[in-house]
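Q: Take a look at what TrEMBL says about it:
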- B:GLY13, B:PHE14, B:SER15, B:GLY16, B:ALA17, B:GLY18, B:LYS19, B:GLY20: ATP binding site (BINDING)
- B:6-187: domain 'Guanylate kinase-like' (DOMAIN)
Protein chains: 2
Amino acid sequence: MNDQKGILAVISGFSGAGKGTLVKELLTRHEQEYCLSISATTRIPREGEVDGQHYFFLDKSVFEQRIQEERFLEHACYVDNYYGTPKDFVFNKLSQGISVILEIEMQGALKVKERYPETVLIFVTPPTAEELEARLRGRGTETEEVILSRLSRASEEVTYMDKYDYIVLNENGKVVECAEDIHQIIEAEKRKAVYGGELVEQLTEGLAAYKKGE
Amino acid sequence: MNDQKGILAVISGFSGAGKGTLVKELLTRHEQEYCLSISATTRIPREGEVDGQHYFFLDKSVFEQRIQEERFLEHACYVDNYYGTPKDFVFNKLSQGISVILEIEMQGALKVKERYPETVLIFVTPPTAEELEARLRGRGTETEEVILSRLSRASEEVTYMDKYDYIVLNENGKVVECAEDIHQIIEAEKRKAVYGGELVEQLTEGLAAYKKGE
């Protein structure tokens, strides 16, 4: 069971919930065990963005061909650009025993879960709506309009929270604890009986000789 | 979410797998967080057994009355004596936020899971059949007949392993690690979205004011 496949985990959360910081903490603390999925996109690379590190930058025709070939776990189109999660990258890492973190929005998350029910959906949230608003305002970098539109979006996203497998509280100043909570969930998931097929088979074979009447 | 209910966990395993030692280790390491369920029985107390500590000793008529009143999570009859898991005790502890460990055999475990699907079924096993046999023989206290009958029983029980939620390896000399694996599973279970109802409700209320058009 210890040399088993990695776990595919989606981490979602309200904009402003501190998801990015949290994922970075998780990857730093357990860098041998996790990697972040790299998205493919058809948009133009921004200054400093490296192909294969920040994104896989693809031509539109190549992206569309790969959609045809079902080479994405999920994909979507925003503002005339495609974004998608390449299967190859994810499945390669998983087969090496590395768990893959997807940081995608809710609709993508639910699509991935539908196709790969073993995907673990984790929703990260501040403990209260007030706290979410305080964090958004605390940044001091957003206009009132942006803050209100994020809160409005959160008010819709909250209705999907129960579609997630786990809810993790991201309390103020507890980013380490929260990252460890996520790690704990993924470690527990690895022990799900559904992954124990090989072990059960070996035990069954090993015990067969002791079956009554044999 | 931190003052939530405890988790009801069943720990099963082959006779000789070291389950008892393991449960003791878990309860010692986290004594505020767990308690062991106390069974009720109609059998006569043995020397040194204390009512309400080792068992709840009940008259047969009382036990049968409580079966009628559905006051057991599960019950069974062995060698003319009843054994059962009293609901009151378990639900009291759970409501105090204490997780309850049931150490019952497979059929009882599956019955409890059927009635209370939120029950967490954990199967503890040595890594191989050879290791199980070595442990049974290593005790040096059992006759060959008893050892073979336990291995025969294990060969039947192995076919139910996939009904469990989790499989935990109990490797030689790693009782602490194994107890912590179980603790990790139960901590992860507490974050299941299914327990997040109250939190989601509060967030929904708190965010309602930001819904578009309101």
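Positions of Cβ are set from backbone N, Cα and C atoms, glycine also.
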Q: Does anything in the same chain, at least 6 positions from B:GLY16 (ATP binding site), have a Cβ under 8 Å from its Cβ, and if so what?
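A: B:LEU132, B:ARG135, B:LEU136, B:ARG139, B:ARG150, B:ALA154 - these are the non-local Cβ neighbours of B:GLY16 (ATP binding site), listed in sequence order.
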Q: What residue among the binding-site residues B:GLY13, B:ALA17, B:GLY20 has the most other CB atoms lying within 10 A of its CB?
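A: Compared across B:GLY13, B:ALA17, B:GLY20, the most Cβ atoms within 10 Å surround B:GLY13.
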Q: What count of other C-beta atoms do you get within 10 angstroms of the C-beta of B:PHE14 (ATP binding site), across all chains shown?
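A: Looking across every protein chain shown, the total is 26.
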Q: Which chain neighbours of the ATP site, leaving out B:GLY13, B:PHE14, B:SER15, B:GLY16, B:ALA17, B:GLY18, B:LYS19, B:GLY20, have a Cβ atom within 8 Å of the mean position of the site's Cβ atoms?
A: B:VAL124, B:ARG135, B:ASN170
Q: Please classify the secondary structure at B:ALA17 (ATP binding site) using three-state DSSP.
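A: DSSP call for B:ALA17 (ATP binding site): coil, neither helix nor strand.
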Q: State the mean pLDDT for the domain 'Guanylate kinase-like' (B:6-187).
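A: Per the prediction, mean pLDDT sits at 93 for the domain 'Guanylate kinase-like' (B:6-187).
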Q: Applying a 10 Å Cβ distance cut-off over all chains shown, what neighbour count does B:LYS19 (ATP binding site) have?
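A: Its Cβ shell of radius 10 Å holds 19 other Cβ atoms.
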Q: Between the binding-site residues B:SER15, B:GLY18, where is the Cβ count within 10 Å the lowest?
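A: Relative to the other binding-site residues in B:SER15, B:GLY18, B:SER15 has the fewest Cβ atoms within 10 Å.
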